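> The structure is given below, and queries will be raised subsequently.
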Ligand SMILES: [Zn+2]
């Protein structure tokens, strides 16, 4: 039992849960700060995305936030051509750290985004609904295995 | 009880569609469900008063079984509102068989209705409470088409599948639909037409996508013992299997391999049958790629060979393996959740009641449901009396 007046007693549990580790809030804050965030499981080292409170590989509840290098490979792509706007690609990108996300590729014509293309993900702060991760074609040198 | 004990324990004794196509703005999903229920029960020689197990799902309605129960005047002692998208109804059949075998109910009514087509002329359904935040929406995919398009692009990349092979799926479905007076789209269709259609989310064109129609359906299930006393030849559930691995397409591990690999393996194991024993296949063809993926994942051809397999009319009328003989979601009917219609068509084919599109001597048929974006997969294997 915590003594009255101690630190734990003045911070209600529910408040700690919401302000301390709400995964989506943490994600948005990190995105706004310019990082491409994901989590890593302390138990099995699996890269976890989207953010959550339990590891989908092993069930551990200790997940550590990490920042992606942004380097990745287009896993699949579809071009959407609205009647009243420019076509744009919707892609699935495999980040080199071992997680996959939906994104788009900017600064390259939609039709010129093949599967297997090396890309660099970064944060577009003024996306249509706030900050989002977008990709650009990676320079040949950075696309190669640097290790 | 092991899964094998469920083989042949329950049977479909009545099936029906409601009015299909475009039913008009003053009609409602539950009316179509109820219309189908009444017809299916009459075919089974039963009434709503016999129903003590209710199984249903309606898109956007969180308490659909309560709505339907009230509307029909059914007071079930067992209810299942499992909602796994379009695969829900094949899942309901599995659950109904389990419930009947356990004595939890005796006459199960699986029922569905939707006015997806007519709804486009009235206000959108109110949005429910948020689920999880979407990590996809910021990229403006067109759900669900883009999810299937991404799977298609990957399949083409990995296996050399072509758009012409995808088009063969749409053409075969249309050829079957031309034999089905209830089918919505019955005009002639060629591979060239599909290839020339407007691209929606590449590589899928408008003609790679299913219809949007209104429609309802119902399936009545009871024990094999009780089925023997009812008017129509029972169609037995020989095997069933379920699996799901993801919800969002970005979380699907390999876009060319669906959880139907597992759902079908479970169904085959329960039935003690394999794909070589199957006379015809009713698959959830929301998009042309579905048919190719599911033929592979259900074992009718090897992974990557689906495009070749569907070519040259092999799944069309007159082909070696009849697939989606009602015309499928691509040409017959697709009211948002198609999964009850494969059960209805498989039942009719096993009974020999499919009219001009009937294939002779169908004793084993597969009905496969898909939900979400290649997410939920449920396989059922149905058979006539000679399969017990
Ligand atoms: Zn883990």
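The chain as shown is numbered from 1 upward.
Even glycines carry a Cβ here, placed using N, Cα and C.
Remember, TrEMBL labels are computer predictions, not curated facts.
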> Among A:1-21, A:22-42, find the range that TrEMBL records as region 'Disordered'.
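Going through A:1-21, A:22-42 one by one, TrEMBL flags A:1-21 as region 'Disordered'.
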> Go ahead and report the DSSP secondary structure tallies for the domain 'ChsH2 C-terminal OB-fold' (A:65-123): helix first, then strand, then coil.
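Taking the domain 'ChsH2 C-terminal OB-fold' (A:65-123) as a whole: 3 helix, 32 strand, 24 coil.
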> What is the three-state DSSP composition of the domain 'ChsH2 rubredoxin-like zinc ribbon' (A:30-63), stated as helix, strand and coil residue counts?
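Counting residues per DSSP class in the domain 'ChsH2 rubredoxin-like zinc ribbon' (A:30-63), I get 3 helix, 8 strand, 23 coil.
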> Calculate the per-residue pLDDT averaged over the domain 'ChsH2 C-terminal OB-fold' (A:65-123) and state the result as an integer.
97
